[in-house]
């Protein structure tokens, strides 16, 4: 049976099918909000979802009634007193049949949506969500929340926002987790204004996690005043701050207004019945130490048990670092012993703080003693324990000891990281042992430690300085092959090497090449080429490079001018060179002491 509803007899409050068809044919219609603003085509796409959902339910009812009528006409409805399952005897269709049909469709749609999101198919999930809501299905909040989280992780907050709009327009109700996920995404993307706007229009009450997320972002971006206003709003909404809230605000107050002001916030926290924890106290201890009030920090450490909170290893590490930075080595070692006595086990970080500062002061013997004690305290040394020691040996040009401790750390099962190797490579190149550096660089791949840009730059510079530019150029091609992009330092080293070897035309060609690649030359690059040109008695070309340098906004140094003056003198124009030197000296471009040194050479 075909059921035709005349368009001119549509009940008030329902759209006529004819009218609906007219509005949705062709291109998407202009969307109009409740107050008549033009919102574009997408809004109607989702805005009509509720209407479509109702129409879908009406359609199901019509088909069910039609089926019931046909059955009765065929004599299959024998007993009107005993209506078939899912129907009412008064001629109305039971909602059980319609709802079960709708629920099955919703279940299947949401199952597919969950599968797409679980498999990381976010774009497909988004399209499917749009489609299912367009056809009147109510989406499940859990996969929608996962979809929002996925887009936020990718930095696609606009897409995440659109998901939220679709959920809200579909008739589904987002829960607090959904809102918190989107607010967190905004905060991580630096869109704090969007986070605050969403906070204002949430359809449910925000919880303390919502506020903590926003407060942390505001405090991290130095907006403490605004954070305090948000806190006041939080209190007005009777969403009371917790220990995390106050710790965030205390830390920000320490940075912006000082520890004394932060202490007032601590008192307020206690008066409101919110008990500070060890993290709160550690923030204050750190603030006291940064203000140079080490004695007060030590007193605060000792008083913490009376506040009902035992200091932990982080508390001690903060004070230990402050002691080391002020040269109080004996006090630092006493604090370490005191930690052990009180049953607060030191961590690898504790020992590394001591080792790092001892090595900086050149006290390598004492650093080795600390290193050897670490296993006894259940803290095997890591690469950060050995690196300062290796750097210390390299600084003192004790390369044999550095290599010895590299072998020791490997034999103890502590594998060097790229920082370790970069430290050794830098020292080897400075010591003129470039061949050893190249050998070590070649071994990195077999040691499961991939070289980075600074690694190649170090060895390329070392080779260029000892006249092995050809080998340095091979390393340039090698690093490019590994996907590493050369920078200004890379090219400056190579240009300098070629210029020193008298291959100034090759240096200029390389200079032009890396300019085309978008790598900006620096003053060292220009000086290298100008020096090469002056040595080749091509001062005119060197002066052209000076003009190019200034035109590109690269400021010449005193060395730039002394190179040119010496070049002019080298071409037999000593008198002219001396006059130019005096002029530059009178203008303050070249220092008097530097001018005297150049004059002696002429």
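Every residue gets a Cβ built from N, Cα and C, even glycine.
Values in this document were obtained by computation on a predicted structure and should not be read as measured data.
TrEMBL has this to say about the protein:
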- 140-174: repeat 'PPR' (REPEAT)
- 175-205: repeat 'PPR' (REPEAT)
- 207-241: repeat 'PPR' (REPEAT)
- 242-276: repeat 'PPR' (REPEAT)
- 312-346: repeat 'PPR' (REPEAT)
- 347-381: repeat 'PPR' (REPEAT)
- 382-416: repeat 'PPR' (REPEAT)
- 417-451: repeat 'PPR' (REPEAT)
- 452-486: repeat 'PPR' (REPEAT)
- 487-521: repeat 'PPR' (REPEAT)
- 522-556: repeat 'PPR' (REPEAT)
- 557-591: repeat 'PPR' (REPEAT)
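Sequence-distant contacts of the repeat 'PPR' (140-174), counting only residues of its own chain at least 6 positions beyond either end whose CB sits under 8 Å from a CB of the stretch, comprise 46-47, 49-50, 53, 110, 113-114, 116-118, 120, 122, 125-126, 129-130, 133, 181-182, 184-186, 188-189, 191, 194, 203-204.
For the repeat 'PPR' (242-276), the residues of the chain that approach it from at least six positions outside its boundaries are 208, 211-212, 215-216, 219-220, 222, 224, 227-228, 231, 234, 283-284, 286-288, 290-291, 293, 307-309, judged by C-beta separation under 8 angstroms. Mean pLDDT for the repeat 'PPR' (242-276) in the predicted structure: 95. Assigned with DSSP, the residues of the repeat 'PPR' (522-556) fall into helix, strand and coil as follows: 26 helix, 0 strand, 9 coil.
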